Structures are given as C-alpha cells and as structure tokens.
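J.: First the structure, which I've put down as structure tokens, then a few questions once you've had a look.
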C-alpha cells in the first residue's frame with residue numbers, strides 16, 4: 001500500500017490551523033504545520049479571499065490526498081460562529097476545486113483518538129501531538145497543533161475503516 005497525505009484543518013476566521021501528516025504503513029510522520037491569518041482590520045470579503053488564496057497555495061504545495069476538518073460543533077458567540085462558517089465555506093470550495101475529499105470530526109472525537117478521553121485538556125492533546133509525531137516542541141500556535149491533532153484522528157479513523165472493510 002502507498003502513502004496517504006492527510007491535511008488537518010482547524011477552521012477559523014482570524015486564524016486557520018494547518019497540519020499535514022503522511023501515513024505510510026504503520027508509520028505516521030509530520031510533513032508541515034502552520035497557519036493562515038487574517039488581520040481584523042480587513043473587510044470580511046478580503047479576509048475570506050485571503051483564506052481562500054492562501055489555502056489554495058497549501059493545497060498546491062503539499063498535494064494532500066484527504067482533508068480532515070474540525071466540525072463547527074458548539075460556539076458561545078454567534079458572531080464567531082458566522083465568521084468560522086464563512087471561512088469553512090471558502091475552505092470547502094478550495095477542496096472541492098482540487099477534488100480532495102473532506103472528513104469532519106467533532107472536537108471530542110479528536111480528543112479520544114489522541115488521549116482515549118473525550119474531555120482531555122488542550123495541553124494534554126498538544127503534548128500527545130508532540131510525542132506521537134516525534135517533534136522537539138509543541139507546535140505553535142495552538143491552531144496548528146489542533147490541525148495536526150485532527151489529521152492524526154483521521155489517520156487512525158481511516159485505518160480503522162480499512163481494517164473493518166478488509167474483514168467484511
């Protein structure tokens with residue numbers, strides 16, 4: 001079996017977390033992590049355009065096979081939810097243009113896959129990302145670490161789906 005390049009995305013309006021890993025057999029390795037940031041003083045349409053254009057550059061540079069994105073699960077602030085929803089829209093558009101399938105995960109699913117516990121702390125998840133990917137330090141900012149965690153979750157979930165499918 002060949003390798004699988006997974007793009008993890010922690011969607012946001014101000015900061016989009018990006019994490020890319022490669023799965024080859026039983027080995028999962030770190031490829032890249034970073035963020036796409038938009039200044040608060042830019043109008044909404046320019047912020048969304050920047051997210052879209054920068055995200056397309058990531059897709060073209062790293063050619064992921066699949067994308068794992070955090071679901072918009074629960075937010076306390078409606079304004080924040082609207083901005084994140086708009087950002088998700090342009091991210092989905094870019095992924096659709098490149099024919100990259102998207103898999104969505106709730107935050108507690110990501111936590112369970114990295115810690116075995118759906119209410120693990122952010123710090124615990126970040127430490128596990130560092131350890132599992134053999135990184136010298138926790139990826140910064142938090143959004144990038146979260147994106148790597150989402151990618152890791154998908155790697156485990158897709159492996160489980162393949163094993164289940166092979167048994168059928």
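Glycine too: its Cβ is placed from the backbone N, Cα and C atoms.
According to Swiss-Prot, the record shows the following:
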BINDING   10, 143  Mg(2+) 1 binding site
ACT_SITE  10  active site
BINDING   70  Mg(2+) 2 binding site
ACT_SITE  70  active site
ACT_SITE  143  active site
J.: Please report the Cα separation of residue 10 (Mg(2+) 1 binding site) and residue 70 (Mg(2+) 2 binding site) in Å, rounded to an integer.
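T.: With the alpha carbons as reference points, the distance is 6 Å.
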J.: Which three-state DSSP class does residue 143 (Mg(2+) 1 binding site) fall into?
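T.: Assignment for residue 143 (Mg(2+) 1 binding site) reads helix.
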J.: Rounded to an integer, what is the Cα-Cα distance in Å between the residue listed as 'Mg(2+) 2 binding site' and residue 143 (Mg(2+) 1 binding site)?
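T.: Distance (Cα to Cα, whole Å): 11 Å.
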J.: List the same-chain residues at least 6 positions away in sequence whose Cβ sits under 8 Å from the Cβ of residue 143 (Mg(2+) 1 binding site), in sequence order, or say none.
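T.: Those within reach of residue 143 (Mg(2+) 1 binding site), by Cβ under 8 Å and sequence separation of 6 or more, are 10, 12, 15, 16, 17, 35.
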J.: Provide the number of Cβ atoms within 10 Å of the Cβ of the residue listed as 'Mg(2+) 2 binding site', excluding the reference atom itself.
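T.: The answer is 24 other Cβ atoms.
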